[in-house]
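Colleague: Got these off TrEMBL a minute ago, pasting:
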DOMAIN    34-521  domain 'Major facilitator superfamily (MFS) profile'
TRANSMEM  117-137  transmembrane segment
TRANSMEM  143-164  transmembrane segment
TRANSMEM  176-194  transmembrane segment
TRANSMEM  206-231  transmembrane segment
TRANSMEM  243-264  transmembrane segment
TRANSMEM  276-293  transmembrane segment
TRANSMEM  314-341  transmembrane segment
TRANSMEM  361-379  transmembrane segment
TRANSMEM  388-407  transmembrane segment
TRANSMEM  427-445  transmembrane segment
Amino acid sequence: MSSSAPGRLLRLTLQIYRNQNSTTEDREKFAREYLAKVAALHAKNGIEMYQQVCGRLLLRWIVMLHLAHSPAGLHARRVSRCVGRHEPSQQPWLDHRQKTAFLPFWGQLSLVLGRRWPTIAAVAIFVLGSGISGGATSTAMLIAGRLIQGLGGAGITAMTQLIISDLVSLRERGKYIGVIYAVFGLGTAVGPPVGSAITQYSNWKWAFWINLPVGGVTLLMQFFFLQIVFVKRLTFKEKVRQIDWIGNSVLVASVVSILIALSWANTRYAWSEYQIIVPLVLGFVGTGLFFVYESSKFCVQPTIPPRMFLNRTSALGLICTFIQSMLTISGVLLLPTILVGVPAAIVSGQVLAKYGKYKPIHIFGFAVATLASGLYINFDAKSSLAKIVIYQIIAGIGGGCLLTTMLPSVQAANPPKDVAAATSTWAFMRALGNVWGIAIPAAIFNNQMNSRVGSISDPRVRGFLSGGDAYTHVSATFIKSLPLDLQNEVVNAYQGALRVVWEVGLAFNMLGFLLVFPEKEIKLRTTVTSDHKLKEKAKKVDVEAKSGDLAEKQGSSSSNS
């Protein structure tokens, strides 16, 4: 409590004695009002201290959770892709992107079971998957490990955002989301060289096993520090009924079908072949059926409530999240973008916390990202290193500003009861954008290369770069292995194809920039409204509720007498 709080409580207490000569009914009425004022005063003055405690716990928890998720993650994906090249039919099951399908399910699971145990379960599942992948003696075993890792990784992604939303006010959330991306940036920058060193001087399995000690420490820290309880008490039957089993099953099947098509496209089959068209059609039809079911009376608790897309600001926030993540996924492996994007994300979170305005940040972020996309079009084979780095820095500033401010805008547009659904849907749209952000540029690049390989004189090189293989041969090593005159031909073809990719990126950035303007600037709450609280806070809420019930019973018994 603040220093003035005891004085206010004293004045309220003195009023009771001044009312001693009033009637019994008046005294009982005043007593109830007094209890309400004391509770409100306690809550108001306890918020600051409560958030400080939450802040310390959250910072510990966020760092450990994401260290478990990202240290060798990038290199583990490379190992999976290497295996996938030898067995291309198995590539969709080895890819980390299959975690996208499980994100909404974790959001709903936490809504029913609370945050603590689903979070612990998510890390445990991820660590288990890492152990199985590292100990794999066959492709089937590696696939099983990667699928389990994906399930746990989806839970880690969703639960991190949800717990921040439970313990920190809407206005302050951007600051803690910035911490997430700081850890992610560290993992992205350090992970590949560390993973490369591990596989060079040791066994590739350590790319997965390195998660075991970090994950074990994370589990212990969560068990002792993540003391979050669900205030609402539900019976087992109520918990089972509130999980959207049908909707989640349809959504997972639909997303997996789309992921299979995107993983095989331009690597094993052409976009025009039925092996790509059929799973894509099934995935999109299944997604449509999912939303039809979610809107029906048969769905008791929708995984993704359709009302989120009927709200203008919420819908635009989700669409812009998809666009932004689709455009930035190709840049996360570029060191200048990481080094600038992460500080930009942290600063934008601080600005959001101070001023409570997300729309100006969105406009600025998309404007800068659009500028960067336009500048990328000017790249050519003669571009200096300084020019390349500066353009990436500009892109990092624009993308970083959007990273920490999109989720608060989506949450602000939805009622507190939909926070879990809104958060998991936001994470789902972001992951889906990452998937399409790889598939669309790859498809455009390969198609452009197919139309340009005719200008390459060597038929052997034309064969390497046609039929969807151009994207896999984009490397300095491949270019330098060619004769000088042939290098110029290949570079010119690459340059023309990349220019079209950047032009499409510019169009998407401009679309995102235009979609930001219809957003409504909603006042961000400075108080925490959630059924999921720290253990001590939950005890206080329970005591206050019981005290209120007792006061009502005493009041009613006095009236009857």
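Just so you know, glycine gets a Cβ as well, placed from its N, Cα and C.
Worth saying up front: this structure is predicted, and the values here are computed from it rather than measured.
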Colleague: Excluding the flanking five residues on each side, which residues at least 6 beyond the ends of the transmembrane segment (361-379) place their CB within less than 8 Å of a CB in that stretch?
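Modeller: 320, 324, 327, 348, 351-352, 387-388, 391-392, 394-395, 397-402, 405-406, 409, 495, 498-499, 502-503, 505-506, 509-510, 512-513, 516-517, 519.
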Colleague: Mind checking which residues reach the transmembrane segment (276-293)? Cβ under 8 Å, same chain, six or more beyond either end.
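Modeller: Distant Cβ neighbours of the transmembrane segment (276-293) are 246-247, 250-251, 253-258, 260-261, 264-265, 269-270, 299, 304, 306.
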Colleague: Averaged over the domain 'Major facilitator superfamily (MFS) profile' (34-521), what pLDDT does the prediction give?
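Modeller: Mean pLDDT, the domain 'Major facilitator superfamily (MFS) profile' (34-521): 79.
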